[in-house]
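To start, the structure under review is shown below, and the notes come after it.
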Amino acid sequence: MGLDSGTIIDPVKLATSDHASVVSITLFVTLLCACIVIGHLLEENRWMNESIIALIIGLGTGVFILLVSGGKSSHLMLFSEDLFFIYLLPPIIFNAGFQVKKKQFFRNFITIMMFGALGTLISFIIISLGAIAFFGRMDIDLAIGDFLAIGAIFAATDSVCTLQVLSQDETPLLYSLVFGEGVVNDATSVVLFNAVQDFDLSHINTGIALQLIGNFFYLFITSTALGVVAGLLSAYVIKKLYFGRHSTDREVAIMMLLAYLSYMLAELFYLSGILTVFFCGIVMSHYTWHNITENSRITTKHTFATLSFVAETFIFLYVGMDALDMEKWKVVSDSPKTSISVSATLLGLVLVGRAAFVFPLSFLSNLTKKSPYEKIDFKKQITIWWAGLMRGAVSMALAYNQFTRAGHTQLRGNAILITSTITVVLFSTVVFGLMTKPLVRLLMPSSKQLSRMLSSEPLTPKSFNVPLLGESMDSEGELFGGNGLGPDSHGSGQGGVRPSRLRMLLTTPPVRSTTIGENSMMPSCVPFSVAVGSHPTYLALQLKKT
């Protein structure tokens with residue numbers, strides 16, 4: 001079936017019954033399925049990961065659509081900041097907070113905030129000053145606000161490739177730092193970008209600079225507070241109303257809606273929705289998650305993780321297709337050398353800006369650590385530096401917001417920066433991403449025995465039947481209720497032996513005791529009267545009879 005320029009649709013018009021819209025959505029969903037299948041088949045590949053696969057499929061699809069449409073279009077949907085920031089980003093960030101291992105995250109909270117907030121600010125300053133210094137020599141006419149926006153755009157990292165290689169169990173410290181810094185970095189970049197938009201920077205002075213810094217900290221603190229309050233409110237509401245006595249569907253629905261409501265409230269009050277929904281996810285996983293039924297716990301874990309996974313795949317797939325948008329490339333076709341020079345300069349500034357804070361801040365962090373196992377050695381510093389070199393969807397969305405109008409631009413300077421952003425995102429994700437697995441395996445060889453001794457949290461049973469629950473938090477023991485199916489139930493401490501289906505079927509779940517303690521479990525052979533007995537003597541007599 002052929003596609004012409006009429007196939008391009010605006011996300012606002014997706015509700016229409018136009019046949020071209022149906023064709024576009026059908027093809028996009030088919031491509032999403034292809035990304036998942038191919039990613040599964042190449043799971044053990046040394047070089048590839050799912051984000052790179054989605055980018056490559058998007059590029060291939062863009063080439064195909066470009067040929068079929070006669071060079072008029074390369075994608076199925078027009079890019080929309082609303083589509084990204086309102087529909088795709090919230091589930092990704094919320095799941096990041098919901099699945100985080102809280103012990104490791106808060107144990108390294110100061111270091112994470114140093115890298116994520118202070119480090120991003122340092123990178124923002126270096127990239128902005130570098131852009132002002134170099135772009136003026138390339139005959140690119142931009143306002144001071146545009147240069148600061150460039151700093152915020154390219155300060156936003158995308159550590160997905162590295163996180164797909166690292167293990168929370170084998171390298172808990174490193175994973176916690178890369179993961180936590182990545183989320184705080186995205187939030188800080190968006191806060192910086194929004195703060196820059198709120199001021200008239202044509203006549204910048206010390207007063208405006210101080211207001212800019214003050215506005216940044218105001219957004220950071222208030223957004224975090226709103227997320228914490230929203231998470232605590234959801235825990236209180238679900239505990240008091242106890243939706244689970246009638247329907248687990250209502251429990252799951254109210255959790256999802258309250259989480260999304262926190263993000264929209266932040267956007268309504270011009271705060272950072274990313275920070276709000278991230279800390280809302282952390283609080284919900286610590287409090288709300290324990291107030292729902294076990295069926296709802298399993299459902300919410302998998303639902304949030306699935307939504308995040310689909311949203312990430314969607315974004316990388318679209319970025320691949322949009323890289324071949326001919327409208328922007330035609331504007332810069334008369335000055336290819338300038339476009340290449342801008343891309344190379346931005347890539348160099350990203351490398352320098354990243355190194356300018358990773359190594360110094362790691363040194364400062366090590367001064368505060370007493371245990372050698374808590375310190376960030378040089379190999380870990382290289383891995384953290386490398387993890388932040390890739391640029392992704394946040395950079396793309398901010399660039400479109402700053403330099404296009406409804407996805408279109410005819411201005412030479414804006415078109416050069418859009419195409420350069422696309423080039424940096426593609427190059428960093430594909431080239432750096434392909435080298436991530438070999439580099440991490442070279443620097444961080446597997447040492448499960450060492451990590452087991454150092455980590456206070458149980459190892460992830462990756463072959464177990466609920467892998468998402470084991471990887472995400474330190475509460476999987478509560479999920480299984482101590483019935484012998486948890487990570488440490490086999491005595492050997494391996495936690496990776498998968499029980500047979502027949503054995504799981506024949507295992508009788510124990511009865512929860514209300515007298516010994518909430519987390520105590522009675523053997524399945526003890527009568528139910530024992531579990532509900534309220535007097536210690538009565539309990540002892542019943543046990544003796546049994």
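One-based numbering along the chain as shown.
Placement of Cβ uses the backbone N, Cα and C atoms for every residue, glycine included.
Look at TrEMBL and you will find 20-40 (among others) tagged as transmembrane segment.
Among the features that TrEMBL reports, domain 'Cation/H+ exchanger transmembrane' is placed at 33-441.
The annotation transmembrane segment is assigned in TrEMBL to 52-71 (among others).
Summarising the annotation, TrEMBL assigns transmembrane segment to 83-100 (among others).
Tertiary neighbourhood of the transmembrane segment (112-135): same-chain residues 105, 142, 144, 147-148, 150-152, 154-156, 176-177, 180-185, 187-189, 192, 216, 220, 342, 345-346, 348-350, 352-354, 356-358, 361, 364-365, 384, selected by CB-CB distance under 8 Å and a gap of 6+ residues from either end. Marked as transmembrane segment by TrEMBL: 112-135 (among others).
What TrEMBL lists as transmembrane segment is 147-166 (among others). Beyond the transmembrane segment (147-166), the same-chain residues lying 6 or more positions past its ends with a Cβ under 8 Å from any Cβ of the stretch are 49-52, 120, 123-129, 131-132, 135, 174-175, 178-179, 181-182, 185-186, 188-190, 192-193, 196-197, 201, 312, 346, 349-350, 353-354, 383, 386-395, 398-399, 402, 417, 421, 424, 429, 432-433, 436-437, 440-441, 444.
Annotation comment: TrEMBL describes 173-196 (among others) as transmembrane segment.
Cβ atoms under 8 Å from those of the transmembrane segment (216-238) belong to residues 117, 121, 187-188, 191-192, 194-195, 251, 254-255, 258-259, 261-262, 265-266, 269, 271-284, 286-288, 291-292 of the same chain, restricted to positions at least 6 beyond its ends. The feature transmembrane segment is assigned by TrEMBL to 216-238 (among others).
Per TrEMBL, the feature transmembrane segment maps to 258-284 (among others).
What TrEMBL records for 304-321 (among others) is transmembrane segment.
According to TrEMBL, the feature transmembrane segment maps to 342-364 (among others).
Among the features that TrEMBL reports, transmembrane segment is placed at 384-403 (among others).
The feature transmembrane segment is assigned by TrEMBL to 415-435 (among others).
Annotation comment: TrEMBL describes 481-501 as region 'Disordered'.
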The transmembrane segment (258-284) vs the transmembrane segment (83-100): 3 or more CB pairs under 8 Å: yes
Dominant neighbour of the transmembrane segment (415-435) in 83-100, 173-196, 304-321, 342-364, by Cβ pairs under 8 Å: 342-364
